[in-house]
């Protein structure tokens, strides 16, 4: 639900990869990531074909599972921003692939004519926001010392993908570097390498209805995972949404009580009661009321790019203390 791009990346490349492996093996040469043909024969089209479809079914399986786990970013940021990140990481990683190959040849004297095919650069780039923005929740411990968290399986899949080929470490390194560049806004890369609004609207009108999914019911959302780990992850996501909605609702009630302003003293209720014994009868003066929260115009623009109105974006950012993630989740739930 709310992740049509992730669904399309799961279905379309995987289906093509299976067909090329089982039925159309003589067409695999057109999807090989041949660097020599790109540099010497200027076959630029191989950058598109060779860096989109996996020719190894194990790489297809691991990358599909990783995309499935990374669908949370499309739900959090919206399809346009998520596709912009993938586009930027794809283009940057292609550049870093060529640079790393030249550096390897210059330093170690190793000539690399081809690299593993597939949508691997952006997949490795998604580990950067996954590491920095997804909270680490301990699930259990092994032998009393090694912690198993909700992120352990994803890292194991990434390690499995990393060890699937001889030179896949080049793709992994270029993907991680491109993810860092895009996620940290180095040289304003996220402003240059982004999907235009009109392109996003065209795809939302044409392809999104094909890959969109209905919102699951509460019965399906909780307790219907294929494994115990998936069921536990589903319950944690549901609990996180409930806590977030409760916090946002509480902040909105406090804003209404104070004339639309956030009560910053809510973070220190014991101190507030200690200084004022008759708290319930006390009415704050104009000097005690804090100024309204300043909303970042950049964050307002990001929410508007996702399709929300400016008024809803301002209200959500003010209610969430200018937290873009909380505001996005709040608007998606309403």
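Here the Cβ of each residue, glycine as well, is placed from N, Cα and C on the backbone.
Record note: among 61-84, 85-108, 181-204, 85-108 is the stretch given as transmembrane segment by TrEMBL. TrEMBL lists transmembrane segment at one of the ranges 28-52, 153-177, namely 153-177. Only residues 6 or more beyond the boundaries of the transmembrane segment (85-108), in the same chain, are considered here, and those with a CB under 8 A from a CB of the stretch are 5, 35, 39, 47, 51, 73, 77, 115, 119, 121-122, 124-126, 129, 170-171, 173-175, 177-179, 181-183, 189-190, 193-195. Residues 9, 13, 17, 31-36, 50-56, 59-60, 63, 66-67, 70, 73, 85-86, 89-90, 93-94, 97, 101, 151, 154, 158, 161, 164-165, 167-168, 170-172, 174-176, 178-180, 182-183 of the same chain lie 6+ residues outside the transmembrane segment (114-132) yet bring a C-beta within less than 8 angstroms of a C-beta in it.
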